[in-house]
Amino acid sequence: MERNGLPSIFIAVASVLSFLAPASSFDYKDALSKSLIYFEAQRSGHLPYDQRVRWRGHSRLTDGLQQGVDYILSDNPLQMSYMVGYGDKFPQRIHHRASSLPSMDVHPEKIPCKGGTPFYLSSQPNPNLLVGASVGGPVEDDRYLDLRSMFTQSEPTTYINAPMVGLLAYFHANA
């Protein structure tokens, strides 16, 4: 099904387009050729000897993972861990109901749904640490506003935490 690492569908399309190119002012053959080179440049792993993109070397899917984990755990311009409870500086006001509401020991009265607003708007750190939760993190220029209302930065979600658990398990197993 593959020839020189390229799916045969691309070769079939290239063959068809080579006959259509003279009928049009647009150079479909050239566009497809450049698209295929771009496709080849996206490959990872051990590259074939006839790799046309010479600036790419062999790579692995794990290249750069350690730097990403280090960044999340405080090797960043703010020197802040984006995992709650890790290190000396981490998010204090995460957007998480159970973490931002007081415990029943401290506040035994029932808190109705709308009764949580004052706790949500409070500038005080969360009374309950959600240790190990990874938050969304900083914006593009490495700013992080430690506010519950900035939920895109301060909310721990499954799609953020699950990959982090996987990465940490990978590094533990391959230490």
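Glycine is no exception: its Cβ is also placed from the backbone N, Cα and C atoms.
Look at TrEMBL and you will find Asp146, Glu155 tagged as active site. According to TrEMBL, the feature domain 'Glycoside hydrolase family 9' maps to 63-168. The feature signal peptide is assigned by TrEMBL to 1-25.
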Margin query: Can you break down the domain 'Glycoside hydrolase family 9' (63-168) into helix, strand and coil residue counts using DSSP?
Written below: 36 helix, 2 strand, 68 coil
Note to self: I'd like the number of other C-beta atoms within 10 A of the C-beta of Asp146 (active site), please.
What the structure shows: 17
Check: Between Asp146 (active site) and Glu155 (active site), what C-alpha distance do you get in Å?
Finding: 10
Next item on the list: Would you mind checking how many other C-beta atoms are within 10 angstroms of the C-beta on Glu155 (active site)?
Entry: 16
